[in-house]
Amino acid sequence: MKKYLVGGAVRDGLLNMPIKEKDWVVVESTPEEMIKLGYKPVGKSFPVFLHPKSHEEHALARTERKNGYGYKGFKLYTSSKITLEEDLKRRDLTINAIAKDKNGNLIDPYGGIKDLYEKKLKHISNSFKEDPLRVLRTARFAAYLFHLNFFIDSKTLKIMSEMIDELFFIPVERIWLETKKALLCRNPHVYFKVLLKCGALKKIFPEIENLFHIKSFYNKNINLGSLTLRALYESSLISNEIKIRFSMLCHNFDKFNSNNKKNSFYCNKINGNLILNKICKRLKLSNEIKKLSKIALDHHDTLYKIFFISAKMVIKFLNDINAWKNPKIIDDLIIISKSYGISIGYKKKSMHKQEKFIKNLYKKLNSIKTKDIIKDGFIGINIKKELMKRRENIIYNDFIIYK
């Protein structure tokens, strides 16, 4: 029995990046021997075991052969006679097919170290095209390693573009898992740029791809898709929360192509929300993500109008986003609005003024408590009326705002 460290741990170690987890390949062994040595079997489709002490995954060397469609259309073979090189060959990219033995020696049969040095994401063989999930994985690695100037090899990108029809066979759960990982990268926008470039975006995220066919109102030479990805990037500089980053992808869903020569698009919140509901339902997203995405769609530009709307509209806005019971929504919306603003050309300094304004406004309005109104003798429907009146008075007396 011999075991080798493989995959991301070797790759990230060579790149001096943090190692998140360690995976091992075991050759010249059998399931019976692994169990006898105390390893716990956990794999359903193929023999994977947990180390009795470290609990790190150890997989018996295996090969695979295409026998169907999609990323599950494979027949797996495992045997004590399968070599390390044969196991590494079934992997997606050369940089993920480097192994390390117990003495620290590197085994690199497919040139992964050279490609790491050249910052290249390159497929190992033509068998790459047999698994459509690799389109998403390669796009994710492009996002993950973008800060190190990695790029996708042109031949690999060409193969990816030839695989897009099989994306249909990937379960939505796997699509969301890869997308979620990509959204948590330092440069999440790169993932969607790669999917756009190889034609996959239209297949799995048609709602986002459609934005690339709508010209911006602010700059006719830029489309809304590009602005959306720019906003996503800006949000990633401020927050690492998945709900905020995904919301940035949805904030332009209410924009549609216009036949009017003066305006490149028109807004329709109702249809925009229908599109949002469709993508959230398809991806089976959490209520938390859905709620913030809806707020981003409906109110991402409200902070830019805050100086020019009436007191009643300000209070309605805060009611709509449920700010009284969920104060954090103000901070989330500020991040969304700032990211949107920067994407369309606002300066950060001017947005700081609006951020300070809305925070101070909310703090004062939220200081009015229903219990104090009841103490003053108001009952029934008059409590709500008095609450509204007092909040309006604060806006009129303490803040410069339209009546």
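All positions are counted from 1 along the displayed chain.
Quick reminder: no glycine exception, Cβ is built from N, Cα and C everywhere.
A quick note: this is a predicted structure, and the numbers were derived from the prediction, not measured.
Record features, source Swiss-Prot:
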- GLY8, ARG11, ARG91, ARG137, ARG140: ATP binding site (BINDING)
- GLY8, ARG11, ARG91, ARG137, ARG140: CTP binding site (BINDING)
- GLU21, ASP23: Mg(2+) binding site (BINDING)
- 224-324: domain 'HD' (DOMAIN)
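Distances between the Cα of GLU21 (Mg(2+) binding site) and those of the binding-site residues GLY8, ARG11, ARG137 are shortest for GLY8. Taking the Cβ of ASP23 (Mg(2+) binding site) as reference, residues of its chain lying under 8 Å away and at least six apart in sequence are, in sequence order, LEU5, VAL6, GLY7, GLY8, ALA9, GLU56, GLU57, ALA59.
The Cβ neighbour count for ARG140 (ATP binding site), using a 10 Å radius and every protein chain shown, is 24. The record assigns GLY8, ARG11, ARG91, ARG137, ARG140 to the ATP binding site, and the maximum Cα to Cα distance across that set is 15 Å.
Each of GLY7, ASP92, LEU93, ILE95, ASN96, PHE141 belongs to the same chain as GLY8, ARG11, ARG91, ARG137, ARG140, is absent from that list, and has a C-beta within 8 angstroms of the C-beta centroid marking the CTP site.
Shown for the domain 'HD' (224-324): DSSP residue counts in helix, strand and coil, namely 69 helix, 7 strand, 25 coil. According to DSSP, ASP23 (Mg(2+) binding site) is assigned to a strand segment. With a 10 A radius on its CB, GLU21 (Mg(2+) binding site) counts 10 other CB atoms from all the protein chains.
Per-residue confidence over the domain 'HD' (224-324) averages out at a pLDDT of 91.
The C-beta environment of ARG91 (ATP binding site), restricted to residues of the same chain at least 6 apart in sequence and closer than 8 Å, consists of GLY7, ALA97, ILE124.
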